[in-house]
Amino acid sequence: MTPRHLLAAGDLSRDDAIAILDDADRFAQALVGREVKKLPTLRGRTVVTMFYENSTRTRVSFEVAGKWMSADVINVSASGSSVSKGESLRDTALTLRAAGADALIIRHPASGAARLLADWTAGQSDGGPSVINAGDGTHEHPTQALLDALTIRQRLGGIEGRRVVIVGDILHSRVARSNVMLLHTLGAEVVLVAPPTLLPVGVADWPVTVSHDLDAELPAADAVLMLRVQAERMNGGFFPSVREYSTLYGLSDRRQAMLGGHAVVLHPGPMLRGMEIASSVADSSQSAVLQQVSNGVHIRMAVLFHVLVGLESAGEEGAA
């Protein structure tokens with residue numbers, strides 16, 4: 001059996017992406033009213049999370065998703081594993097495969113780590129474990145893009161034809177890359193707004209419009225996705241000061257007033273309140289930040305189902 005993976009948002013067809021969004025809604029409905037939030041969908045499956053970067057939302061939501069589906073979830077961190085003794089990622093992956101893991105969920109600072117993991121653990125008669133990319137360097141974060149798309153669909157009633165403005169540190173953002181690819185697949189119009197220094201080389205080849213003027217883009221926006229400036233990936237010199245960046249690219253009360261009443265504000269977290277987004281905006285009725293977190297659990301349930309069981313019987317399994 002060839003294992004199913006989720007390594008990049010661009011690997012998803014339109015039909016697969018929509019099926020995952022639909023399955024996420026089904027799993028959410030299947031849990032409504034249950035005193036014990038448990039579905040038998042993945043009983044007997046072992047899911048291992050491998051987080052080599054700090055995380056709250058993604059790590060916790062994957063763990064909750066697995067447990068709500070009755071999987072056995074094992075957490076592996078760099079500090080608590082043989083990696084701290086010098087073991088390579090490849091040897092760790094092969095060890096987990098030999099131990100019987102059905103799925104490996106990886107977050108790693110190196111771009112391409114998830115695809116390497118899938119290659120390293122493949123090639124045996126059983127096909128190896130499924131690999132899910134929970135964020136690799138500045139490359140991709142496909143489950144974040146899926147939960148963002150689900151949130152937009154829930155708030156706006158659909159994605160196709162919607163104008164989504166992504167603002168901030170595009171250069172270092174795996175969230176931006178995955179959202180661009182997935183939203184394009186689902187028929188949205190994507191606009192990137194950032195200073196020239198925070199745009200990647202080759203962005204002209206992406207299926208997007210690029211702007212440096214946030215005020216000009218907000219009135220026509222259906223959704224605005226604000227990104228954190230990733231100072232941990234910078235050596236300085238990308239913009240003059242935090243104050244100037246916030247003045248030019250922060251979503252303030254004044255800028256929120258430029259949005260249509262239907263528009264939704266998103267942020268993948270963690271938020272730098274007062275820098276890229278004002279606290280009053282983050283806590284407003286137009287903000288879907290907490291809805292994104294809730295959707296993250298349901299999307300990751302759907303993704304685990306997709307890679308471990310398959311899409312064809314999601315409705316039957318989800319309702320079990």
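The backbone N, Cα and C atoms fix where each Cβ goes, glycine too.
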Carbamoyl phosphate binding in Swiss-Prot involves Arg57, Thr58, His141, Gln144, Gly269, Pro270; of Arg26, Arg90, Arg97, Arg107, the partner in that site is Arg107
CB neighbours within 10 A of Arg228 (L-aspartate binding site), counting all protein chains shown, number 19
Record-listed carbamoyl phosphate binders Arg57, Thr58, Arg107, His141, Gln144, Gly269, Pro270 have a maximum CA to CA distance, in Å, of 16
Taking the centre of the Cβ atoms of Arg57, Thr58, Arg107, His141, Gln144, Gly269, Pro270 as the carbamoyl phosphate site, the remaining residues of that chain with Cβ inside 8 Å are Ser55, Thr56, Ala134, Gly135, Val175, Pro268
Arg107 (carbamoyl phosphate binding site) -> DSSP, reduced to three states, gives strand
Among Arg57, Thr58, His141, Gly269, Pro270, i.e. the binding-site residues, the one with its Cα nearest that of Arg174 (L-aspartate binding site) is His141
For Pro270 (carbamoyl phosphate binding site), the number of neighbouring Cβ atoms whose distance to its own Cβ is within 10 Å equals 11
